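Working notes for the structure below.
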Amino acid sequence: MTAYILRRILYLIPTFFGATFLAFLIIQLAPGDYLTQLELDPKVTPETIARLRAQFGLDRPIYEQYLLWMNNLLHLNLGYSFAFQAPVLEVIWPRVVNSMVIVIPSTLLLYLVAIPIGVYGAVRQYSLGDRILSFLAYIGLSVPSFFLALIAIYVLLQIKFRTGTLIFPVSGMTSSGFEQMPPLRQILDIAWHAVVPVLVATANDIAGLSRLMRGQMLEVLGQDYIRTARAKGLAERVVLYKHAFRNAVIPFVATLGGLLPSLISGAGFVEVVMAWPGITPFFLDAIANQDLYVIAGFLTVSLVLLMIGNLISDLLLAWVDPRIRYE
Amino acid sequence: MRRALVWMAGLIALAGVASAQTFVWPQKWTVAKPSEVKRGGTLRAAVISDYRTFNPFITAEADSVPDLISGDRGLVRRDPTTGDWIPYMAESWTISPNKLEITFKIRRGMKWSDGKPITADDWIMTWRIHTDKAVGSNLYDTFFIDGKPITLRKIDDYTIRFIYPKTDADAFAVASFAPWPAHIFGPVYQKEGAEGIKKMWTLNEKPENIVSGGPWLIESYRPGERLVLKRNPAFGEWNKDEAGNPLPYLDRYEIKIVKDVNAQLAEFLAGNIDLFAPATVDHISQVRQAIQQGRLDATLKVNASPVASSQFMVFNWNKASDPFKQSLFRSDKFRRAMSHLVNRQAVIDIVYGGLGTPMYSSVYPVLTQWVNPKVPKYEYNPKQAAKLLAELGFTKKDKDGFLVDRQGRRLEFNLATNAGNNQREQIAKIFVDEAKKVGVKVNFQAIDFNTLVGQLLSSGPDRPFDAIIIGLSGGSLDWPFGPNVVPCKGNLHMWNKSGQCLDPRETQLDALYSRGRTELDFKKRVEIGYRMQEIEAQLLPVIYIAGPNYHPAWNNRLGGEHPDAIISSIWGQRELELTFIKK
């Protein structure tokens, strides 16, 4: 087992270099650079732009820029943001933490809700409840999250117009005067702001995951050993949870590794629409501005987490599924 | 009073207010009387993009934190009611007989928020750092005229002299930069140079370490979320209203960062932010409805003024590889015909929902003092366009219904704009339709912004585009012609980047531009500007289209807005210092 883990880690090294170089190259393939925006400013002279380009190192060949950046990476320095004139980690970290306020509750909620729904749908297949849940799931799957967020804002505003009170805030993470609040009030305030974004961010994923769970469960329930279990007279509850459910969740263990990078990659467009100060709007800005090292640095962190996450999933899989052995 | 009198105003200031220690904010800048004003409260606003730094020397975006806390004003500022430069942190100035030196007497008794006095040293240090190439300040270019430096000299603690290499219409604009504390930046600059300066005042700096000479101090900043500013008491000691009350009236100015315009609208409709400028017809009608149905107590000024930016179509004169198109694009008859095909009214109706302004010259329509009303306008007129094209030899149509000349060459060109700008894409489609009606084939394509800029700013005898729709913004109120645009060698001389003037009228415009830039008499400068617009109209180097209007809105809990006459895209809806909370 130890040998297997070592071998896996060894494999990660070429993957890491290949992936970072590819990412770096693709960002650079986009036309223009961070300073192109400045070129349409009637006040800025071409000499100034050329000077800044040299200062930022953007006038050097791509491989040279990549090697310099790699050298920094090996010293655990993700690079420097052009737009913020500050180290990348320093500017992205607070956003990642803000995103986690949505991502962590949303992920927990997802598994807590989606798995029981999936199981219910499989056990009571084609019942009225299953049909209603399936219907809702298809709606959830087909409505993009940014649109769901806009609908949520619309509903909140309409309620405000009718009753005069805003049940949940329409945007942001904290209320004004947040700094003056005592710590407990601060936590409650953030929680109050997080309710709608968390629900919106979860809605889509619940739909997908519950359908997947339902399918897995149905497949397992059709297996011979379930019939055997029933035939030997086990209680239905024991059949479902001890024999069927345990086997049906195995594929989900493989997806747990993917949670690690998604922990930092933000909650998606909900953050943009609801003005949540997370990583998504920030990263989109960086892409629009071609803030090279912010994009590359963030991709690298995600990449490393993804690689570690995959390794962990594989190990977990071996642990829960006796059919899988690594030698 | 026009800006022609700016020099005289200076002399009056010298004689009249020489002893004054305070700057009195005139009553005519606000609709509210000092007696109805209430002190305290918080103004809540929203911005689209997050802040990037607190450092005044490396900030590059508009409405940055340094601009906000300093008020972005220096020795002089403009009076919004007249547009004139008036003494601000200076109490007076004198101009040398050769007009190359301006000596400012700095107001005494002004203090930084940490209690140190504001003196000539602060301006000198600020100027030094801005003009250090290694710092990369955005203001670097403003301290040079045609590559020659403007120098500052300290005469004594409260006297400073600006020395210009030539007479400059923008002389006062140069002197209006905001000073920053020399006792904070100076020691670091001396010890560590530009690198030390760049590391200062990042977003992680503690707010209490940020020293301000302007109306605000930073209270707190939460990345991606909110910037809260609080009143700087040191500012109120020398900035007063006419009743002698210290300014600003507000205790706090809170700015939320809301990246989505729809979310900003929602916040405004919910009464959570006080200021909003709806830009689309849909947003305007939502605000208007909310006000009419009594759901929101706010004021909306529709069509307050045009915006201070331009929007135009430019043809490429440098197409050595395609002599047919090159001679076409260089012909003013052709360009005039194209102007006759721009249906500006349709653009305003369809793209801006009727809330826009047509454009005919390089001077933004909002700069009413500068717009020459007599300049010929080549309005939408397809018949006239067809006639002009016939004179160019395009009399017959081919089997697809497009015009061809005697050699059978079809009148066809490519038109591009930046993808994602829906309004420009709509404008292009309207033009394509109108052109088709008279038999001109226009192939429209929306391309990535950076690629477009690359094509537009490429230089040499053969450049890779036919026509582009794009816009410019920014520029000076003292001399509203672009320093990079008009001169033939300019980087933004977009139609012709061969590096030299090709048309005698370009040479003429180039010369007039320099003359205007060095002309100090406002009236004479306006005359030169009028003449330039006449030549532009003949030459039509670019074809101006139309732009949206400025529609400011505010929640009625705010008082102290500008009188209607000065609410515009240039002066905004209010002075924050004179704004107060009614309830």
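Glycine is treated like the rest: Cβ placed from N, Cα and C.
Unlike curated entries, TrEMBL annotations are predicted automatically.
Here TrEMBL flags A:9-30 (among others) as transmembrane segment. Within the same chain, residues 62, 65-66, 69-70, 73, 290, 292, 295-296, 299-300, 303-304, 307, 311 sit at least 6 positions outside the transmembrane segment (A:9-30) and bring their C-beta atoms closer than 8 Å to a C-beta of that stretch.
TrEMBL lists A:96-317 with the feature domain 'ABC transmembrane type-1'.
Taken from TrEMBL, the feature transmembrane segment covers A:100-123 (among others). Tertiary neighbourhood of the transmembrane segment (A:100-123): same-chain residues 129-130, 133-134, 137, 173, 190, 194, 197-198, 201-202, 205-206, 209-218, 221, 240, 245, 248-249, 259, 262-264, 266-267, 270-271, 276, 278, selected by CB-CB distance under 8 Å and a gap of 6+ residues from either end.
With a threshold of 8 Å between CB atoms, the same-chain residues lying at least 6 positions outside the transmembrane segment (A:135-157) that come near it are 117, 166-168, 170-171, 196-197, 199-201, 203-204, 206-208, 210-211, 268-270, 272-274. Annotated transmembrane segment per TrEMBL: A:135-157 (among others), in sequence order.
For the transmembrane segment (A:249-272), the residues of the chain that approach it from at least six positions outside its boundaries are 95-96, 99-100, 102-104, 106-107, 115, 144-146, 148-149, 197, 200-201, 212-213, 216, 278-281, 283-284, 301-303, 305-306, 308-314, 316-317, 320-321, judged by C-beta separation under 8 angstroms. The transmembrane segment annotation in TrEMBL covers A:249-272 (among others).
Annotation source TrEMBL lists transmembrane segment at A:292-320 (among others).
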